[in-house]
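Colleague: Sharing a structure below in structure tokens format, with a few things to ask.
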Amino acid sequence: MTERRVPFSLLRGPSWDPFRDWYPHSRLFDQAFGLPRLPEEWSQWLGGSSWPGYVRPLPPAAIESPAVAAPAYSRALSRQLSSGVSEIRHTADRWRVSLDVNHFAPDELTVKTKDGVVEITGKHEERQDEHGYISRCFTRKYTLPPGVDPTQVSSSLSPEGTLTVEAPMPKLATQSNEITIPVTFESRAQLGGPEAAKSDETAAK
């Protein structure tokens, strides 16, 4: 089967900034596609768990102005706990996958289908920040339900950075339990054979 690249519609505005929720003094990446740092008390909690990301102490500016920093870090925590998480919805009419890719630019995402599988790829080219050089990539694969036409797969990217890939489910033929039985008319000649036919002719004379 040939490979097909799925174009996605861009719902983000021209002023979209992938770093809008990042703390201005720190732009580090972790294992969940690249995320901002967390407050000290959250860092201690996550450091004692199985959290895979890198964390560091709260910046001094945030300590001096906790009321200002709290909303930004609250949004950051929400994104960090959900970033990279995908959701699959399968109804009678549609099959849909939603994937959080809010830290990838549109030109860093690729969606394609091959052999009944949807493949989503994101890649950051190597870039430099105040901490050094960083690059990041990911690949997610999803098997299409049986009967789904790969050419009908579409995708869109929301302003919040959610990539949605969906396809219509095949329509099943409507089966009815009602059966109409035709009625066949048979004459006496057919019922009695040749002798019955002669008897009918004699009676007619």
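The backbone N, Cα and C atoms fix where each Cβ goes, and this holds for glycine too.
Annotated omega-N-methylarginine per Swiss-Prot: ARG12, in sequence order. Marked as phosphoserine by Swiss-Prot: SER15, SER26, SER65, SER78, SER82, SER83, SER86, SER98, SER176, SER199. Taken from Swiss-Prot, the feature region 'Interaction with TGFB1I1' applies to 70-205, supported by similarity to another entry. Marked as domain 'sHSP' by Swiss-Prot on the basis of sequence analysis: 76-184. Here Swiss-Prot flags LYS123 as N6-acetyllysine. The annotation phosphothreonine is assigned in Swiss-Prot to THR174 on the grounds of a large-scale study or a structure entry.
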Colleague: In DSSP terms, helix, strand or coil for SER98 (phosphoserine)?
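Modeller: Its secondary structure by DSSP: strand.
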Colleague: In sequence order, which residues at least six apart in the same chain have a CB under 8 Å from the CB of the residue listed as 'N6-acetyllysine'?
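Modeller: Looking at Cβ-Cβ distances below 8 Å from the residue listed as 'N6-acetyllysine', excluding near sequence neighbours, one finds GLU108, SER135, ARG136, CYS137, PHE138.
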Colleague: Quick one: DSSP breakdown of the domain 'sHSP' (76-184) into helix, strand and coil?
Modeller: 13 helix, 54 strand, 42 coil
